Amino acid sequence: MSEPVLSVKDLSVVFHLRRGDFTAVNKISFDIMPGEVLGVVGESGAGKSMTGTAIMGLVDRPGEVSSTSITLNGDRIDGLDEESLRKIRGRRIGMVMQDPLTSLNPLFTVGEQLIETIRRHLPLNEKQARARAIELLADAGIPKPEDRIDAYPHQFSGGMRQRVVISLALAAEPELVIADEPTSALDVSVQAQIIKVLKRLCAERGVAVMLITHDMGVIAEAADRMIVMNKGEIVETGTVGDIIHRPKEPYTIKLIDAIPSIKEQNPRYAAAVARGDEGDAAVTDAPLVRAENLSMVFDLSPSLFSRLTGRNRKIVNAVNDVSFQIERGKTYGLVGESGSGKSTCARMMVGLLRPTDGNVLLEGTDIWNDKDAAAKRRSKIQMIFQDPYASLNPRWRVGDIIAEPMRQLGIARNNKEITEKVAYLLDRVRLDPVVMRKYPHEFSGGQRQRIAIARALSSEPEFIICDEPTSALDVSVQAQVLELMSQLQDEFGLTYLLISHNLAVVRQMADAVGVLHNGVLVESGPVEEIFSAPKADYTRMLLDAVPDIAKVA
Amino acid sequence: MTDITPSAPKGRFAKIIDSDIFFSYRTSPVAIVSSIVAAILVLAAIFAPWIAPYDPFSPRTLNLMNGFTPPMSESMLGAFFIFGSDHQGRDVFSAILYGSRVSLLVGVSAVMFAMILGVSLGLIAGFRGGLTDTVIMRIADIQLSFPSILIALLIFGIARGILPPAQQENMAIFVLIFAIGLSDWAQFARTVRGSTMVERQKDYVSAARIIGVKPIFILIRHILPNVLGPVLVIGTIGLALAIIAEATLSFLGVGVPPTRPSLGTLIRIGQQFLFSGEWWILFFPAITLVLLALSVNLLGDWLRDALNPRLR
């Protein structure tokens, strides 16, 4: 066995805060071997990013790093002064960060940034460095690198930009690359390619990788060995196959159980099959909600002049002729990558955005054009938003937030009745009713999403649109929120439109699925049909791209 | 992060002591000193009738024989003046107490007026967008490209032309408040417009729109409380500016009537005697004005930093 590339012993990061010390990382030790991809997984606040930051010596005050030793190929790199650290960062340790937009300088071309990095660390002249930069871009899978090298970062798509960042990280031939959530900001189809590129390049060069992510699927796809972290400590270490198939610690078992797998059949479908009806067979003739030929066109022309004359006219067909229907008490899942028009659909169906063309029918009423349409949609349709931090007014008490729809729609008038109903709703979403006196910032993300659900229920709706309801949450919390949503659906007879980029979540929750691609509904049908026998090429590609823990041998 | 455990309910006072703002206050010597200075000056102004040893505006108490008494000494008639007396035998200390009353009244009212106007227009511009936004913000831009003292002078001149002469004396203070307030609203409008445009995009506003809350109520109940932080900061700094603006206008002789002198009026009177050796008539009102403006300004600076999480 050779010497490890990186060896960390007893690394701690402590933040000295006014209310006492907060230990972000607590005495962790691990090694990374040459050419190895080490996955570091954990939920938010587990200290995984802080570990990476501490190794690079980038922890700011009031954080304090302490360790017995951190060695990079035998050299101590802890406790170095800023000048020596700067020589190590970029030269011996490369970095790939989550957001490719902020890790590239928007004012310089990609080539300038690459050449600068190469020349700072390697003894090459301008011409050689440029040749090397082109080589690196080609290796990272950027087509026509000779032309693209003089482009600015904003001229690349998100995935291409992340490839550039990877080339930048590898530019100085480092011994170790620390990749912190390198694919979290990307769509699934792009995500798969980036993981492949990162893995291939590091394998070719024998570079060791520390891959930090919250997504167990990514680790399963890319890593050799993994570390599970929780609350600043290492819970379990081992090979990826061992941990995923034979987790030992209760925390790891819980974490792995909470991950919805895309390979898992829909439990509702299974139950329906067991009962004898083939799930989707019960197509009633009167669906609760119907979207008919919905279209949305945004005019992004730069000026009134170009709008009138048609010069430089820029029109975006965000949603193009989308039709589907949802039966009462069922869930319809709408999947698609970013920019596919999912959220635009949601906004048109909830009454926030008037469609350019087409109708939304709720129990036969056109919610945009009929006479009492506004009143109808306000009382019958509700929405749960993606970001639980932005969807609750930070200046309002929880009780007032939940009571607002009741007050507005005149469901309950006097304060006693309102308080009772709020308490009942909080109880339904498994929160203690005493929290109605508190403000949103006193709650965690999952608890906030429960409050948002209680608010949605407060207007006694029949149809709830859930726009990425769990994508801002940790997996274990996601599982709880999804379970709560299913329970409430049965309890109140709710109909859901579930919008998500997470295919596993949709497979688990939905009865029927629609796949959106560039504003067009490429496929729509019962969930098991689409997941087990997709017809459209795009759907097939999407399903193949999903990193999944079940793929680990 | 770990889940926040529901803490035991604390008293309101204990909560304030424990808050981050109060911590930042406790650890900032500048904030403590300037708040003490400002508090003393404001309290002295409010309780002027009880503190002042003389009534500086009553002709009965004025005696020319008391004129030009230096500070900390007795006049020929045996009256004692801490800060000396002016040419009419008026006690400078009492005049400052009453004068800062006028200055503060004008300053606070003008800022309130500017705040209400600016915040309302900023909210509307930021929320409505489009043409409404363009019109309001262009007016603000034009306004900001003029020195505010010039605008105040202009408004003052117009008011003098419109109002009947008999009313001019009584209305002067209101005209002053209006003039200073109107020259200062654009700052508030700009800030509030920016924050409104950010808040308007957030999902809690969408949630309110879904159930049909009227735009005016969305603005007042949802957005307004979330944009008030920076307004408080500009308001505090604006108060210092308004006090100085009032002093400048009064110094130029277009401010409050001489029968109710403000700090600016006192400085104008005092500067006539500066080179003849009676320095105290100018010095004490001027130093009061500096202390008042400086302490309020430093307090505003501290508040801005304390409310900005990035600078913490």
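Placement of Cβ uses the backbone N, Cα and C atoms for every residue, glycine included.
Annotation comment: TrEMBL describes B:30-52 (among others) as transmembrane segment.
Within its own chain, the transmembrane segment (B:64-84) has Cβ neighbours under 8 Å at 53, 91-93, 96, 273, 278, 280-281, 284, counting only residues six or more beyond its boundaries. Under the heading transmembrane segment, TrEMBL lists B:64-84 (among others).
The annotation domain 'ABC transmembrane type-1' is assigned in TrEMBL to B:100-300.
TrEMBL lists B:104-127 (among others) with the feature transmembrane segment.
The transmembrane segment annotation in TrEMBL covers B:139-159 (among others). Counting residues 6+ beyond its ends, the transmembrane segment (B:139-159) has Cβ neighbours under 8 Å at 121, 171, 175-176, 178-180, 182-187, 189-190, 245, 248-249, 252, 254 in the same chain.
Proximity of distant same-chain residues to the transmembrane segment (B:230-256), defined by a Cβ-Cβ separation under 8 Å and at least 6 residues beyond the stretch ends, is recorded for 102-104, 106-108, 110-111, 114-115, 119, 148-149, 152-153, 156-157, 172-173, 176, 179-181, 183-184, 187-188, 191-192, 195, 262-265, 267-268, 289, 292-294, 296-297, 299-301, 303-304, 307. Positions annotated as transmembrane segment by TrEMBL: B:230-256 (among others).
What TrEMBL records for B:277-299 (among others) is transmembrane segment.
Same-chain neighbours of the transmembrane segment (B:30-52): 24, 91, 93-94, 97-98, 100-101, 103-104, 288, 291-292, 294-296, 298-299, 301-302, 306, counting only residues six or more beyond its ends whose CB sits under 8 Å from a CB of the stretch.
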